[in-house]
Structure formats: structure tokens, C-alpha cells
């Protein structure tokens, strides 16, 4: 029986029971001692694939831990689940859909049927449509209402229509096509639109309205604001089609807005928003870095797809990272996971991974509707590593919670300045080393005595200088952030999330919690604006509505 129809109670499986016992045996495990006694530890717990090098040796694991986690993956049927996803089975059971974002990066000639129809010709037709548009804009052939070429592209979208494309276009700025600047408009806060409008000219700006339904509130409101601004700047309704295109499955609504049908790029219901940067949602990426680099991005992701499908679990990067997350979340009570990129251009990867992980695995029922028997997705947080060292790394080192971390660092900088990059790389390694090693009481005391401090002061200050250590982390190293390697990196995290959903028996491809807030937002808006005098369902919400109505001006 398919895993998504009858998910296992993972806590009843033999491997889970064995992991419980193993966890007790690991209570006093010391990574410091493990490295001191096993010269092969680094080589045993490292691997490379698709241009990524993973060091997971700084984890609270032994080879037995890895074997037990791999056994757990086998017992929940992970191999069959991976095949089910790639074959287009209805792994998104609550919506009755497949989850086939991986199809978007498959090469020409592959075949994949959904409801009996091969979808691959459509996938490559849209890629060709994107290639044509990008070429026309980059060659200066797509012109605005004053016949000037396009210089600015504004992507209007939110969630997956924004976070992934923004991450990639900023991470690959070294590959940017000169002459076209890309901007993102997501928030419904008018200040964001105001600031953007100060940077662009209507006559040379192309807006991409990215919304599957063409009815997403924030996106539609921003599109309407952009349309009104364009008209106020001298644009006309007749020439609107030169300045607005859409990525949507609702052609009728896009056409009614003023977008020509040939400038509407399709979306499929088998691609979820947070997995959609590989589709026409990635148009701003292609416009930023060129279509050949966009295809390199797809190629890197496809290489990771192949690794995920074929590598044995004990040598499978996404599988191991997913299993380590289960190990810490379910057996060590870790509640969050830090993503720490040591690269300025990767500064937005944490935001993308927050949505990818938390929207996918923030679930409390299994695929069959029964409650989960374990904790599920952690809080994902973090930020640029060097900056974080002077902010929240303190909590990682001396806080009371265990917070596993992923360090991500390139070997080569696109913009070398003196020895800055050597220091950046050194800081990345030293942070993971410090988390693992810590500082003992004896070491703290010896350090203070060396400074000539009297014994009373030593004993007073030493407890504050103790760093527990034994804090787990992974280090992901790439030679440099290229389209191909970035594609592999993002795809790796997609697969990691899927692995964990299979272990927990949850659906990684729906997001009903998001829908509830949207529906309630409409009702609150009606009460705020006087559309209804009906009271809110609770006194707090009604009180805040009244507070707003009594003070709002404008």
C-alpha cells in the first residue's frame, strides 16, 4: 500500500525502538573524544555530490547511529516513496495531486505521464517560451510605450512566487545580465511599493504578475497599484501589454487585467508554490542571469535529483540530512535548526528554506488524517554567518537549547578583497569547531590563570567562560556559488524536507494553515472598513478592530 495512503506509526517500528535505546547509550557521547580516538571520523562522515561537499562528522553520531537511521528510512518505505513522487503518484493526498517540481528540470526526451498525458513536451514548450521572451528583452527588442528598451523588471508575487526567485537572482548576481535590473514586490505594505516606484521608470519597466490563481490578495493589490502607477506616469491602456505579463493558470483573469494571452506563462497544479522557482515563476531569475544560466540551474538540480534517486541511503546527501534532523528533533528534543551561510550573496537562503521547510513540515496530522505520533518540523532560522557571530551565535554556544546548524560556505569569492575571504572561511570553520569542542572548566580556569588573575577571581569568572560544546552542525562547502551548484543545493534541501515528511507520515505539499489565515483576513477587513457591523468571534480581535477604527486616518 502506498505510503501516502497508509502512513506508518513511525514510533512503533523496530528501528525507532532501537534508536530510543541507542539515544540513551549516547547520553554521554563526546564529539571531542570521538575525534581524538578515531582518526578516520572525518572521512567516514563526509561525502560529495553535484558539486557540493558535505562534512557531517561534527554530529552526535557513530556509524551505529547512521545504520539505525538508515534502517528507519527502510522501514518507513522511503525508497518506494521517492519512486512514487518521481512517478507522479498522488503524494499530495489532501489535494489529490502529484508533486512533480522535479519534472521541471528533467531533460528533453524524458517522458512523464500525469493522468495519462506526457507532461514533458509542455514543460519544454514553456522553457522555449521563456527563452524567447528573455532573448527579446536582453536584445532590446521588447520595447515600452515610448519605444525605449526594458531596463527594469519587477516581479509581483509573494511566498513561493517571490522567495525562491529572489534567493537565486541575488545569489547569482555575479552572472547578472548587464542592462536589466530585477526587483521584487511582495508585501502589501504600501511603503514597499512606494520605495520601489522611486527606483524605476514606467516607460522602461516590465511587471511580471506571478500568481497561479491571479487572485492572491497581496499580489493582486500590488498589481493593481502598479497598473494605476503606470497609467499615472503616462502609460496607456492600449500599450499596457508592453509592460505587464503574467505567470498564472487563470488566463481569463490575466486577460481581463490587460495582459495578452501570448504573454501568459502557464503554471501546473502539480507544482507547489515553494517548489516553483524551476518553472516560469523563475522568469525573473532568467531575466537576471540569462536563459543559459537558468538552464544550468535546472541542470544542477537534476544532478541532485539523480543522486537522491540512486545513491544508497548511507551515502545519500538529502537522506542523511533529513535523518539527522529526525535524530535531533525526535530523540534530542531540538526545536529549531539554524541555517548559516558564509556568503553575502546567499543572504536570502534562510528565508527560502524557512518557507520550504516550515510550510512543508509544519503539520500535526499524517497523510491519512490521524494525529502524528511525534514532533514534526522545526523552526528554521539564521542568517549571514559572520554577522550572526556578533548577534545570536551566543545562544548557539551557551544557551540551554540544542540547536543543530548548517554552515554553508564557498571556497572562492567573486569579489576578493585582500585576505577577507580567508578570514570568512576561517570564521566559518572555527564556529563549527567551537560548537563541537567548547571550553571546559579546567581550560577556562587555566586561561584565566595565564592572564595573572588571582584564584578568587578565577573561580568567580570561570563558570561564565565555560562553553558546553558537543553542539552538532553540518558544513556544506562549494567551490563557488554557480548556477549549477546553487541548483543542486536548493534541490538537496527540497529532498531533505520530503525525506522527513515520509518519516513522520505527513504531507509535505499542502498548506491548509495558510488558507485559514487568508479567509479570516477577509472577514477582519470587512469589519475594519465598515463593510459589516457584525462583531468578531472573539473580544481581542474586535477590540483591536475598534482601536484601529477609532484612530486610523487615511
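Any Cβ shown, glycine's included, is placed from N, Cα and C.
Listed features, source Swiss-Prot:
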type: ACT_SITE; residues: 359; note: active site, proton donor
type: ACT_SITE; residues: 390; note: active site
type: ACT_SITE; residues: 518; note: active site
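Structure with Swiss-Prot features highlighted.
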residue : record                    : CB count, 10 Å
359     : active site, proton donor : 22
390     : active site               : 8
518     : active site               : 11
Residue 518 (active site) to residue 390 (active site) - Cα separation in whole Å: 37
Conformational class of residue 359 (active site, proton donor) under the three-state DSSP mapping: helix
Residue 390 (active site) versus the residue listed as 'active site, proton donor' - Cα distance in angstrom: 29
Mapped DSSP class for residue 518 (active site), helix or strand or coil: helix
